[in-house]
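Shown next, in structure tokens, is the structure this report addresses.
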Amino acid sequence: MSEDSEEEDYSDRSISDDDDLDEDSFMKFVSDDIHPCTLLAADSIGDPFFPRTTQILLEYQLGRWVPRLRGPRDLYGVSSSGPLSPTRWPYHCEVIDEKVQHIEWTPFVPEPVYVPTGLEIEPVYPNSKEDTVVYLAEDDHLCKAYKEPCFVYSRVGGNRTSLKQPVDNCDNTLVFEARFESGNLQKVVKVADHEYELTVRPDLFTNKHTQWYYFQVTNTQAEIVYRFTIVNFTKPASLYNRGMKPLFYSEKEAKTHNIGWQRIGDQIKYYKNNLGQDGRHFFSLTWTFQFPHSQDTCYFAHCYPYTYSNLQEYLSGINSDPVRSKFCKIRVLCHTLARNMVYVLTITTPLKTSDSKRKAVILTARVHPGETNSSWIMKGFLDYILGDSSDARLLRDTFIFKVVPMLNPDGVIVGNYRCSLAGRDLNRNYTSLLKESFPSVWYTRNMINRLMEKREVILYCDLHGHSRKQNIFMYGCDGSSRSKTKGLYLQQRIFPLMLSKNCPNIFSFSACKFNVQKSKEGTGRVVMWKMGIRNSFTLEATFCGSTLGNKRGTHFGTKDLESMGYHFCDSLLDYCDPDRSKYYQCLKELEEMEKHLSSERVSDNTDTSLVEISLDVESSSRGSDSSESNDTQTYLLKVTSQARNKKKYLKTKRERNAILANCQNNMQEVYGKEHLLQRHDESNSDGNDPRIDAPDVYVAHCFRRPLPNQGVVKIPGQRFYPGKTWSSSQRMIKSLNKDHRTCILETCKNPIQEVQSRGINIHESCFKMAKCPMNKRPSHWIEKTRIPTESHHQLKSKAKRCSSFQSKRTGTNWTDDEKRIYRDKRIAQTQEILKYLLPIVESSQNRKSTQMNNLINPIANLQQHQLIPTACINRRRYSIPWTPTRNLPFKAQRNLMTDTSEWLQSVPLGSFESLLPLCNLQKKTKHFELWGKKAKDVQLATSQWEAVPLSSNMDASIIRGNSVLQPKEFTMRSSKQRIPYLTKTSKKPSESDGLLTFQLKIHRNS
């Protein structure tokens, strides 16, 4: 797991006794009067005398190359017997010799946040350049070095020139210093007797990320109100506007009262100033403060400092402990650009054999150097997992922990807020292949990849700090579809929910987010999730405090942050507990949350719930792997408006209304004043249908133009169902041939049913529809009047005139979308017609054989036949909707009565050939069956519906007595729907009549 040594290495001898020789080599490297290459590996020399190896170093001394062996690589980094590895700085950085140390201290009571009074002032210093500069981190000699485009090399102690002393004009001027580890302060200007303008240094080799400050103040005077104003912040929003106070440390207070870092300040204000340059805007932070002691050495900081030296001291203590060192192995993962060590810890109970059943847990921290709160959480985690409690032992026995406590030591040392010495954010480069530029994240990813080949990694968590939100929360990953993997969708939220239950006063589950943004694809969280780690999280800890429970309105201290490490271990035990009661309890709560919020839709996308939208918006790259949102409910409204604005805008409301009006006008031109039949379930007021098992039956009656001898007859067995309101509607019937156009029938709103029983002309027919109950035998008669319609040729011409996709009112052509909408509506109307049409059966007794021939011949029937066949449609519900073709003629199942002898004499097998083209229609949704059946087999309206198998073939059978005649085309025996036997009179035919029923049935393919 240590770094490869194939490249040129200056730092392997950094902890050896010949450290001075190493420093001299660097001085020779930058000197102009000697050879530019003073130290090379043997494999870079073309002389065959030297073997190709990386273990021999060549030094240029006295005009010749002198070989020597490379020192052994330091795999352990820390040692209980030897000194710690010294920190290495960029060669141009000035570093004071004094080592800064602080004590740890916990306030007796939680420190409250600052409550604005409204009297805070916003100081502006337009003429600060003319005032006295009391501190400047870089002078003219170092300006060129700071403007280097990239990092060059490093050395222990940084710049070796004499340090420039701070300005000390008079006795009452404060003395500032920040040239120590993790310090950050670039310039201080004294604008008044007790007022100072401060400028923090941006990250090295960048011109941004001015957020972290940490500096020293001496020559203080007690009982004097000082004002400090930092003028070059770049974030528009800050926790200082929400009550966060700066941190203060007094050495005298630490010595006399054992008090460490504490929150201080009055008149705290974060505001926009007028120092914008090149289109950039800056923000100022101002506060006032009275020092507790005179001639004191004090410190101000953005958050509790935790330096690289603090980490080394902590790891050295672990290594020197005979108990903890047994189950905690410290190794060097790699070296940074400045040749500082990146440590990796392996924590587990020693394995007697190679046990691959243990799952792995990975924790990393401090990829952003200014987020020091992540190091305090890591310290709390290590304190607990290395302790002697029973839960800690159980965790070590169950898991293998891989811990990288500080991913960016270079940035921590120089006081950066976000970047490494490469000038880049490491948490956006986990996908990079540049091992030399981003070694810590490259080797971390490689280590995890190799670990996953041996064992399962159950959880990955990267610790961060957040500068705009309160509390502690998590970011997770959820790139899968909820509808397909709902279980996984909820399982990724179980661990954060458990964490919120174990520490409800500091962890907020409502602030957690579980989405993958494109701008975050280079983060460790997303990369590890894509590598196969299901529980991949970023733990975000606020710089301020909590808004939850009894911690509400208070700042987080170091102990609060350390306690988060303990709660993390406790939640890990709950998550992997063999007793899955807590697991399923959290899963059930998540399901209830989803059900509760699923009804609240914030956009037209029905798959997006409110909780998903609130978890979708994350911040830009200026913050941590975090969000710009806050914890208030107004954020949901803001996000809701953002989600609605994401919808692509197509047309204005006026345009949409115009399109809808045009479609309605065209439909009215086609159908006249008619309307579609309402469904019976829509007209049911109470919604209780006692006929739940009975199918719906609709009876359609055909009428003709009134003749002199036409009379009115009653139809037995038809009555309205009680409690229902039935309506009649005009229906459209297509002819049997493409040459005949649509016949559109007028609407009848009269609920009384009457049937014209004698000569009926099909060209002037009108369908009347009524719904019949099937569970009770009818006992009365219902009359139905005939309503004439328009002539066939008039309706045909009207349909032709309105078939164009051009608006007659606007005179504009329709778009493709409008045409598609219009066609869809026409198809839907045709489906309604085919669904509700159900003709009745009339008696065909005493009919001539010529009439049967006319019925079989569709063209002749349309022109000559004077008796319309009453058709029966088997109304069936299909699971898959079907769409009729535009020009397919409508056909109905028909039951025709005729004498058996007449049928056999007048219907040859060749007559069926006229129907064969109907069977050969390709890609049609309807097929036909033709068969004959004796009238004695036809029962009354008490029969049940039977399913008819789908078939693309036409079968014809003639039933006579017990014999069945079938043509060769017969391929299957279709089950038949028994239709009520209806005649013009109330007389039921006897079984001796021997009438044959001719049936033509439509089959629809789903």
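Quick reminder: no glycine exception, Cβ is built from N, Cα and C everywhere.
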Of the candidates His281, His293, His464, which one does Swiss-Prot list alongside His368, Glu371 as binding Zn(2+)?
His464
Candidate ranges 664-684, 790-810 [criterion: Swiss-Prot lists as region 'Disordered']
790-810
Pairwise Cα distance for His464 (Zn(2+) binding site)/Glu540 (active site, proton donor/acceptor) [Å, integer]:
5
Give the distance between the Cα atoms of His368 (Zn(2+) binding site) and Glu540 (active site, proton donor/acceptor), rounded to the nearest whole Å.
12
Rounded Cα separation (Å) that holds between Glu371 (Zn(2+) binding site) and Glu540 (active site, proton donor/acceptor)
10
His464 (Zn(2+) binding site), Cβ-centred 10 Å count of other Cβ atoms over all protein chains shown, is 27
So what's the mean pLDDT when you look at the domain 'Peptidase M14' (304-576)?
93
